[in-house]
Ligand code: PBG
């Protein structure tokens, strides 16, 4: 593309910034309620609304409350809600059997939400960490996170979620071959229309800290996740992962975390042209909230600006804890 700028003063690039109307007219990217996926934390019990201290404004919610939240989200026009369970430590084991229990917290939540708010898509998280005594996304044998046995368990977990009515399966585990396993199991069990949004490029990141508090995994995690989550120094590898997941049957792909990985979002979208999502993770949310609560930044402005950045980078949507607030602002 040739440069299109005439010499000054023929071209004055400030002309199209002069009024709100002109700015609206020439804006290249916008954020809409349709771009939002809302991650929520589940907790057993009744009438529980338990604040997550490292994520101001975010709650762990019992199912009665999460059903209300899902209805509100549906009324706001948010297309999807994503469920993360806080698991009772007593249910965490070496064999992670709770992960594919048809009556675990997540599966009960899927059924109740689909019942009460059928028009909002329900997305799940597939990984063993909420159920694993050592906090890892896969089985640990002799100090190593083993791949293939983990994939078999993840497939069982996926089927339990699909049977409960999940619309979108979200594998966040970073094992090799899991998308293939999940897709063929879904296909052969009659769930051809269940989508997979793969956490394809998920980095071993320090930004997940508050999330691990929220789901009660921080104390449990032994070691780190660097043998399965990506090295923050890599970029080409993200494209290989996305390509592999697409070949194995992913419908949509995700880059995670968000703001620190916008270059990856952009490369993924321009290379493959597939539905691409970013996860604005717990640490990103916590940083914005902490600065805002100190009066150092304007919360609404930075919230909207940070989300618009994902659109500009090429994302089709964003998983964000801000989803209901953003939807309210956009609808007002
Ligand atoms: C675990 C999982 C994590 C997140 C989503 N799923 C944390 C991790 O990998 O340790 C992080 C989300 C966030 O930080 O908001 N499979």
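Residue 1 is the first one shown; counting continues down the chain.
Note that Cβ sites are derived from N, Cα and C of the backbone, with glycine treated the same way.
Residues or ranges marked as active site, schiff-base intermediate with substrate by TrEMBL: 202, 256.
Across the fold, the C-alpha of residue 256 (active site, schiff-base intermediate with substrate) and the C-alpha of residue 202 (active site, schiff-base intermediate with substrate) stand 5 Å from each other. Highest Cβ count within 10 Å among the active-site residues 202, 256: 202. DSSP assigns residue 202 (active site, schiff-base intermediate with substrate) to a strand in the three-state reduction. Classification of residue 256 (active site, schiff-base intermediate with substrate) by DSSP places it within a strand.
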